[in-house]
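Colleague: Among the features that TrEMBL reports, [4Fe-4S] cluster binding site is placed at B:CYS348, B:CYS409, B:CYS412.
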Amino acid sequence: MKAFTQINGLACPLDRANVDTDAIIPKQFLKSIKRSGFGPYLFDEMRYTNYGEPGMDCTNRPKNPDFVLNQPRYQGAQVLLARDNFGCGSSREHAPWAIEDFGFRVMIAPSFADIFFSNSYKNGVLPIVASSEIVDRLFKECEATEGYKLNVDLEAQTVTTPSGFSFKFDITEHRKHCMLNGLDEIGLTLVHADEIKAFEAKHKATQPWLFNA
Amino acid sequence: MAQTLYDKLWDSHVVRQEEDGTCLLYIDRHLMHEVTSPQAFEGLRLANRKAWRSTSIVAVPDHNTPTNHWDRDIEDPVSKLQVDTLDANIKEFGSLIYFPFKHKNQGIIHVIAPENGATLPGMTVVCGDSHTATHGAFGALAHGIGTSEVEHVLATQTLIQKKSKAMLVKVEGQLGLGVTAKDVALAIIGKIGTAGGTGYCIEFAGSAIKGLSMEGRMTVCNLAIEAGARAGIIAADETTVAYLEGRLYAPKGADWDNAVAYWKTLHSDADATFDAVVEMKAEEIEPQVTWGTSPEQVLAVGGRVPNPANEADPVKRAGIERALQYMGLQADMPITDIQIDKVFIGSCTNSRIEDLRAAAVVAKGKKVAGNITLAIVVPGSGIVKRQAEEEGLDKIFTEAGFEWREPGCSMCLAMNADRLSAGERCASTSNRNFEGRQGPGGRTHLVSPAMAAAAAIAGHFVDIRQA
Ligand code: SF4
């Protein structure tokens with residue numbers, strides 16, 4: 001997992017509430033054997049006007065020109081502005097995989113669905129909950145200002161707009177530690193690798209038959 | 001302090017414990033199939049990690065493999081890709097046992113691990129598959145896990161877990177003739193419900209459970225998950241030891257003696273306390289048939305389909321109505337009046353040699369009824385298949401009009417070509433009767449192998465005790 005300390009990233013406004021995981025990455029992509037490469041299919045049904053299938057080359061697919069991600073001014077966006085209950089629906093981990101693979105590092109919304117929220121941290125995407133007023137303000141400023149970038153500082157837990165307006169966000173110490181150091185759950189467990197090895201040695205001494213090969 | 005079997009298995013695998021009770025549990029055996037493993041391996045690769053102990057891995061493709069026309073290979077490209085990917089991943093990361101598609105010992109992962117002695121008492125066993133509970137029949141702590149956990153176990157040989165509560169399900173007495181482990185398990189689910197075991201590890205005990213063969217015990221533990229439990233366990237005893245002796249990966253020599261001595265300590269202490277206890281009398285259990293779309297919607301074969309009008313609770317009433325509509329059944333009709341179209345004998349619940357023998361006894365010298373469009377017998381593994389053929393069971397089945405297939409999951413979940421069409425009704429020895437489980441619109445009735453065979457012969461459900 002990529003470590004996250006600070007970014008100054010282009011923001012992109014996705015102005016609709018209750019975007020579910022099937023909208024983030026439609027179910028036909030679950031058949032895939034991959035966990036990377038979902039970026040081109042992120043928001044597939046909103047982004048393209050034809051039906052997407054796993055493995056499809058998206059470069060020449062007909063795009064929906066009205067969809068924000070297709071607008072030239074938002075190319076290279078790293079911060080997704082979203083509305084209430086973002087990421088609801090099935091618990092598929094493909095949703096944060098697709099968001100991460102597309103290049104987003106931060107999502108800001110008034111609320112997120114539970115499982116999606118915790119899956120996002122695990123995959124190196126920082127979900128930030130802000131009040132509806134603040135999110136509204138960011139949406140307005142972003143739409144009005146081409147090249148609108150947000151500075152997100154995880155250490156200080158702040159988001160700062162180009163005009164200098166700044167707000168703080170919450171994150172648990174544990175999640176902050178993991179994101180700052182790029183530790184996924186496996187990385188965290190491997191911090192205890194010596195303990196696992198010691199256990200394994202003892203286990204092998206008492207039940208050697210478990211280690212027959 | 002007195003301990004339950006669950007306590008003993010748990011405590012002997014805790015690597016470390018956090019203040020909130022979350023534990024890092026050491027995993028002895030990692031079972032794998034082609035559906036839930038590819039992203040886990042890819043995750044390892046992306047993070048530049050290695051498998052911690054690849055000799056803990058036992059792997060086999062089973063969900064997507066066809067059960068006939070093996071000469072044509074795997075025709076569905078999505079299925080083929082999953083199977084090929086498992087081949088490649090095992091080649092790259094290694095394993096203790098790998099039986100690729102068409103290997104003579106290939107089969108369902110939950111059948112092949114025990115029959116090769118790769119599931120042992122006292123082990124922790126995981127697999128990215130909910131029916132991993134099967135292995136609890138050996139006095140092992142066996143959990144089904146998700147894909148990200150598969151990756152975690154691959155990379156660290158541990159699982160992050162919080163301990164469940166302990167439930168004791170005690171079945172005392174002697175099972176009647178024609179009443180099998182499957183009926184016991186379905187009757188338990190009927191009694192406690194599909195959420196009855198939620199948050200628990202269930203230990204099955206009592207003289208009726210002790211009287212079961214290993215095959216029967218695996219059937220019971222396999223269905224623990226359908227009762228909502230994370231795991232099901234049965235203490236190891238002489239039956240377990242006798243089953244394991246001489247199997248390929250079972251301990252040998254001095255190891256064997258030490259292992260057996262240790263396994264004898266793996267039982268709940270006499271004065272151990274459980275968080276919940278359920279008691280049942282074996283004599284009261286009759287052959288079971290599910291009528292609805294959840295395993296808890298089950299009845300004795302002599303019963304009648306429920307009438308929603310008799311249900312006071314509006315939520316439950318609506319549930320019954322919905323199930324009857326999907327299943328195309330009339331309220332109050334006798335179970336034995338239900339006509340069926342297809343019969344499936346197989347799955348990790350009931351595809352072992354004993355299951356096939358029980359079905360063959362019923363089919364011997366008879367013919368499958370005219371209204372049955374397909375009756376298939378799918379052995380759980382190559383080893384089961386060869387054993388059955390040595391005993392002549394394949395002949396009995398084919399002469400009666402059943403198809404004798406190659407091993408795999410098959411029509412249990414219809415990921416390969418074996419499936420029901422919309423509206424078709426199946427007597428199935430598998431474990432899930434959810435809507436669409438055996439094909440979109442398909443209707444599943446869960447029964448024991450003998451009951452499935454008897455239904456195939458009669459064309460409708462019959463009480464095996466009168467067949
Ligand atoms: S037989 Fe059915 S339940 Fe068992 S592992 Fe295969 S698909 Fe899953």
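Any Cβ shown, glycine's included, is placed from N, Cα and C.
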Colleague: Comparing the binding-site residues B:CYS348, B:CYS412, which residue's C-beta has the most other C-beta atoms within 10 angstroms in this structure?
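Modeller: The most densely surrounded of these binding-site residues is B:CYS412.
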Colleague: Which state, by DSSP, holds B:CYS412 ([4Fe-4S] cluster binding site): helix, strand or coil?
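Modeller: Note: B:CYS412 ([4Fe-4S] cluster binding site) is helical by DSSP.
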Colleague: Near the [4Fe-4S] cluster site, what residues other than B:CYS348, B:CYS409, B:CYS412 in the same chain have a C-beta no further than 8 Å from the centroid of the listed C-beta atoms?
Modeller: B:ASP62, B:HIS63, B:ILE108, B:HIS110, B:HIS131, B:GLY346, B:SER347, B:THR349, B:SER351, B:GLY408, B:SER410, B:LEU413, B:SER430, B:ASN431
Colleague: Counting across all protein chains shown, how many other Cβ atoms sit within 10 Å of the Cβ of B:CYS409 ([4Fe-4S] cluster binding site)?
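Modeller: There are 31 of them.
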